[in-house]
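The structure under discussion appears below in the form of structure tokens.
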Amino acid sequence: MASSSAPVHPARYLSVFLVMLIGIYLLVFFTGDKHTAPKLGIDLQGGTRVTLTARTPDGSAPSREALAQAQQIISARVNGLGVSGSEVVVDGDNLVITVPGNDGSEARNLGQTARLYIRPVLNSMPAQPAAEEPQPAPSAEPQPPGQPAAPPPAQSGAPASPQPGAQPRPYPQDPAPSPNPTSPASPPPAPPAEAPATDPRKDLAERIAQEKKLRQSTNQYMQMVALQFQATRCESDDILAGNDDPKLPLVTCSTDHKTAYLLAPSIISGDQIQNATSGMDQRGIGYVVDLQFKGPAANIWADYTAAHIGTQTAFTLDSQVVSAPQIQEAIPGGRTQISGGDPPFTAATARQLANVLKYGSLPLSFEPSEAQTVSATLGLSSLRAGMIAGAIGLLLVLVYSLLYYRVLGLLTALSLVASGSMVFAILVLLGRYINYTLDLAGIAGLIIGIGTTADSFVVFFERIKDEIREGRSFRSAVPRGWARARKTIVSGNAVTFLAAAVLYFLAIGQVKGFAFTLGLTTILDLVVVFLVTWPLVYLASKSSLLAKPAYNGLGAVQQVARERRAMARTGRG
């Protein structure tokens with residue numbers, strides 16, 4: 001037990017808490033999106049639903065194992081800590097993602113395949129606006145019917161160089177069949193009742209295969225043709241996205257649509273990344289993604305950068321160039337950075353990229369649908385009911401404290417206000433930085449946290465009563481009571497926190513949110529009791545006014561102490 005005669009500096013404790021509270025609210029008002037309210041879960045606010053349709057390079061149906069793995073990875077991306085309130089479910093060959101709020105782009109980005117490769121840059125050229133479809137020029141020599149005027153490069157053994165302003169095709173379109181002039185005329189076949197249905201998967205697989213044939217050719221002349229052509233369609237969606245072969249060269253565009261690149265085969269892939277984090281660059285003027293490679297990749301990167309100083313190296317994500325910096329020096333240690341293009345990374349985009357790289361690439365590529373709004377399953381009425389329940393619980397605690405402890409009950413109220421202020425600010429920051437959303441289960445955890453905080457006050461005040469029963473004054477009973485109570489308070493909160501931790505790690509769904517808020521309020525209860533309640537009660541014990549039983553509610557206890565002393569004197573007499 002700590003000595004009750006040790007010097008106490010309550011102003012220091014209160015100052016520490018005020019500095020913490022001010023610092024947290026500065027973060028709330030001056031960082032991030034500056035939204036000053038906690039994010040609400042799907043059950044209270046509604047959300048956005050996006051369906052991701054799996055696509056495979058060969059057009060086959062995705063396997064159950066691949067879909068389950070993709071579901072697990074996307075769940076980790078959107079709900080890494082289990083407190084975002086998002087849902088990822090398998091629906092046939094699709095994954096359905098539901099996230100709180102109305103940001104459909106965020107939900108679609110979760111389906112990003114996130115296949116990262118580091119490729120040396122062989123050539124590049126500025127992107128050019130796509131020219132309108134050229135009209136066929138008159139020719140002195142007639143073309144055979146049904147034959148295209150200029151064979152496309154992808155199918156020509158010695159393709160002609162593309163003319164300036166012309167827009168070559170990446171692959172030929174099947175010409176319409178024409179009648180053979182040498183064959184006798186025959187009646188046209190009867191038109192079918194219905195056009196044969198095409199398989200979208202097979203059609204997409206053919207388009208991907210033709211893109212690979214054009215943009216991943218090993219022929220140098222074909223590479224230059226593909227580079228010139230790709231420069232005219234950087235603004236278009238990339239059919240190849242996430243399906244390029246890392247062992248072959250690649251012609252692609254940057255994510256800012258300003259440059260087309262010819263890239264060599266990959267030297268390092270994303271599965272060789274050990275960790276990815278986001279933060280400010282060394283100059284403090286922009287955001288970057290820091291990568292840490294695994295052992296073999298770290299050696300490869302160190303050797304490569306040492307041997308290729310002055311050359312350009314591209315970081316491709318899902319077949320597009322995210323960053324293409326010039327190597328200035330050898331980079332040992334297995335670490336490197338990815339900086340954004342134009343526009344540069346924001347805190348949100350850098351964090352999102354680091355998140356998808358950290359949890360790995362998907363085994364499948366997905367095509368997202370349009371975002372759909374999902375209505376709240378419970379709605380604001382449930383939120384209002386939860387808040388009313390919390391207010392009633394708080395009011396009962398305050399009434400009990402005022403009736404039983406008088407002025408000390410006011411100190412309880414101040415401590416609860418301090419705790420609530422800190423909880424609110426932390427919930428705002430958690431929603432901003434780890435995507436925490438407050439649902440009905442989380443509100444239940446907060447309400448139980450009020451009871452935990454009140455329990456700490458009761459333990460402290462009852463220990464003070466015990467000291468007064470033993471004959472001590474209110475002034476001397478407070479430090480001695482605190483020395484005895486704090487161990488009990490820490491032990492009780494430790495048990496509650498342990499229960500919350502077990503729930504958090506073993507449960508799924510909304511139970512995680514309940515356990516998270518319960519654990520959070522338990523930790524903050526200790527902070528408030530040590531930095532606010534104890535110093536305030538100590539200051540109150542120095543007041544001659546509050547030492548009066550009419551104000552501190554300890555008259556009955558002091559009467560018991562007087563009776564004990566009288567009995568002791570009678571026994572000695």
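Using N, Cα and C of the backbone, Cβ positions are placed for all residues, glycine too.
Feature annotation from Swiss-Prot assigns transmembrane segment to 13-33 (among others); the stated evidence is sequence analysis.
The feature region 'Disordered' is assigned by Swiss-Prot to 127-200.
Per Swiss-Prot, the feature compositional bias 'Pro residues' maps to 135-154 (among others).
Feature annotation from Swiss-Prot assigns compositional bias 'Pro residues' to 161-194 (among others).
If you look at the transmembrane segment (385-405), the same-chain residues 6 or more away from its ends with a CB under 8 A from one of its CBs are 412-413, 416, 440, 443-444, 446-447, 450-451, 454, 457, 461, 552-553. The transmembrane segment annotation in Swiss-Prot covers 385-405 (among others) and is backed by sequence analysis.
Look at Swiss-Prot and you will find 410-430 (among others) tagged as transmembrane segment.
Positions annotated as transmembrane segment by Swiss-Prot, on the basis of sequence analysis: 441-461 (among others).
Long-range contacts of the transmembrane segment (489-509) within the same chain: residues 82, 445, 452, 455-456, 459-460, 515-516, 518-519, 522-523, 525-526, 529, each at least 6 residues beyond the stretch ends and with a Cβ under 8 Å from a Cβ of the stretch. What Swiss-Prot records for 489-509 (among others) is transmembrane segment.
Positions annotated as transmembrane segment by Swiss-Prot: 514-534 (among others).
Among 13-33, 410-430, 441-461, 441-461 has the largest number of CB pairs under 8 A with the transmembrane segment (514-534).
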